[in-house]
């Protein structure tokens, strides 16, 4: 009998070794696999392993999937076919432990490389540099960062970027705290009545206490200068802080709560000073008109359009930065006829005050108003500030700067005439 596909040759069992001598190759198993209960009992009891089964008889036929094959059909097989020894390599997705460490020959090449040298050193007391070790790191970094040791230009890592974001968040947090505190203050207490009452109290203290020995002709003017001291310099610092702590600085940006508070502070001062002029100097039309126009700009910005505080407060800084020097010069001018000290102070302050006032009102002010006009005339603010409002602002500001330039020009002419007259008297 022959098998299909094998031809007419015969197979014989004479050269085939007994089945008992063919043993499967040993398969190494990982150390973490559990042992069999029998092996555990043998190792615990110390008894010898069981004896192997007796070899199968030579005449026992070999089972085949092709049916019964005669013994003479195995004659072509000269030696048993032994497969190559298999090797089990286990790839663990987690770091190996004592129980799950693979054999040394199965480790990857990256795991057999020497450890990476620490890029930083420590200076000892004797001046020598000692390389650091990774084990000494208090806060270990990820391996992806530690493996980068190429010497090149500095590249911002996730830690440096996180530090920059932290600084930015800290600054924004401080600004937000200030704005929140101002918002809470505005919601709890109205600012305008409080500030107006404060300026009334300051004016009364100046009129009845500070300048009580001055003549009735100079006491009102001196009291007005006193409340101007209380408003001018603080308004400069408050307005500058309100401008620079706001992230959106533009001519059409919305007002913040702190900016509204500064506007209320200035509105209260100009209301008090306007009341002073209406009571003591009702014929001084120029100053009354100036205060009314200034109040119009502040009130519309604060209570009507709620935008444009950046432009208004910037103009306030330019207007009040010279107030301290101007008030001192005004008080010295009022008493120079009967006080030699006031006369000396007036002569000493006049040239630097005129120069400072000329630079601010003659150069910085017009430049800022020009930028303000270019922005508003472009129509970029028409959606938040009505056209008639910003046109009125421009008219008021341009008129105020023009009057200031005329006033300081007359002062320069008077100073020139005084100095020229003194020189002529000396020459005679």
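Indices start at 1 and increase along the chain as displayed.
For all residues, glycine too, the Cβ spot is worked out from N, Cα and C.
Curation plays no part in TrEMBL annotations; they are all automatic predictions.
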Check your understanding: Which residue range, 150-173, 390-413, is the one TrEMBL calls transmembrane segment?
Key -> 390-413
**Study point:** Feature transmembrane segment in TrEMBL, mapped to one of the ranges 353-370, 371-388
**Key:** 353-370
Check your understanding: Can you say which of 194-214, 285-305, 311-332 has the most Cβ pairs under 8 Å with the transmembrane segment (226-246)?
Key -> 311-332
Check your understanding: Based on Cβ pairs under 8 Å, which of the stretches 258-278, 285-305, 353-370, 390-413 lies most in contact with the transmembrane segment (311-332)?
Key -> 353-370
Revision key, fill the gap. Mean per-residue pLDDT in the domain 'TLC' (217-420) works out to 95
Review point. Which of 258-278, 285-305, 390-413 shares the most C-beta pairs under 8 angstroms with the transmembrane segment (353-370)?
Key: 390-413
